[in-house]
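Colleague: Taken from TrEMBL, the feature active site, proton acceptor applies to 183. The Zn(2+) binding site annotation in TrEMBL covers 191, 196, 217, 220. According to TrEMBL, the feature domain 'Deacetylase sirtuin-type' maps to 53-330. Residues annotated as region 'Disordered' in TrEMBL: 344-378.
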Ligand SMILES: [Zn+2]
């Protein structure tokens, strides 16, 4: 009924012919006044400005028509592990997966500790165990990754903030300043000592990761970690400062919004900026108990005052496909996925061919002939 009330307030129906001679609008005016009073009371007391309603309706349809209106030019995506699960990358937070079981051995205080630098400095092993499992180049981006790429191609992606270390956003075609990888990227690694910060290459790190050696700086013997670009750095850099206050639409996908300071970013967009959550469950809602998102900062899908947040409970791929469909982008998105996946497959096949040829040239006489090998890749 709360939603219905709000709808009535925004789109007044023609008044009924009432027996008492009133139009029904009087009641609306009273309600509106009451809400206005509350809004201004809250904004004065808490220093919040009342939110202006941008979406026609709090649904994926509302989001689609907002994007189509042309007023939505700066989209920020915030993504987490959930966007990569359909690529075959297990969410290390999900019980029942091999990865989760592997990480159990390390007795993490809580799963996200694996990404926190203070924890890493004391216990680097679980991070590198995870890195070994998720090392770039073994998986294909998902439909959701390509949806983000489409936002870029359409010229409305401001930036994608990712919590993932699988680099699938890059594989899908985001590059350079399109992307901020909150937990670092494998592209460069750095010594964690702030007095040293020596840089190491991807090849150097890959060698350490797969030889199961904890990487240490050869200059100062501190740990070396993939990714110098921590979100903490980003928080103080120009991107963050200009991105969030100028955001027109925040799309949050596949993240439980549990890791700070990442989670708090949802509250940094303007008060009238619509925020869409595409996820298997609701998350990021304001909670006094958690205190993480702070009052006025958390997502609000259901309260009386909900005015800009939309939740679509589904897999990230399904949610993106539904949104693409509403936008008339469905065929284009399917075509993009097909084309890109085919390109990755053919690259993989030629790489495997090269490796196979190499090994047969070297020593492996017992390996199957070229015909048999070819069939392995089909
Ligand atoms: Zn060092």
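For all residues, glycine too, the Cβ spot is worked out from N, Cα and C.
Neighbours and distances for these, please.
Modeller: Residues within less than 8 Å, Cβ to Cβ, of residue 220 (Zn(2+) binding site) and separated from it by at least 6 positions along the same chain comprise 191, 193, 195, 196, 198.
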Colleague: Return only the integer: C-alpha distance in Å from residue 183 (active site, proton acceptor) to residue 217 (Zn(2+) binding site).
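Modeller: Each residue's Cα considered, residue 183 (active site, proton acceptor) and residue 217 (Zn(2+) binding site) end up 19 Å apart.
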Colleague: Going by a 10 angstroms cut-off between Cβ atoms, which of the binding-site residues 191, 196, 217 has the sparsest surroundings?
Modeller: 196
Colleague: Among all protein chains shown, how many Cβ atoms are found within 10 Å of the Cβ of residue 183 (active site, proton acceptor), not counting that one?
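Modeller: Around the Cβ of residue 183 (active site, proton acceptor), 24 other Cβ atoms lie within 10 Å.
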Colleague: Compute the centroid of the Cβ atoms of 191, 196, 217, 220, then list the same-chain residues not in that set whose Cβ lies within 8 Å of it, in sequence order, for the Zn(2+) site.
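Modeller: Along the chain, the qualifying residues are 192, 193, 195, 197, 198, 218, 219, 221, 222, 224.
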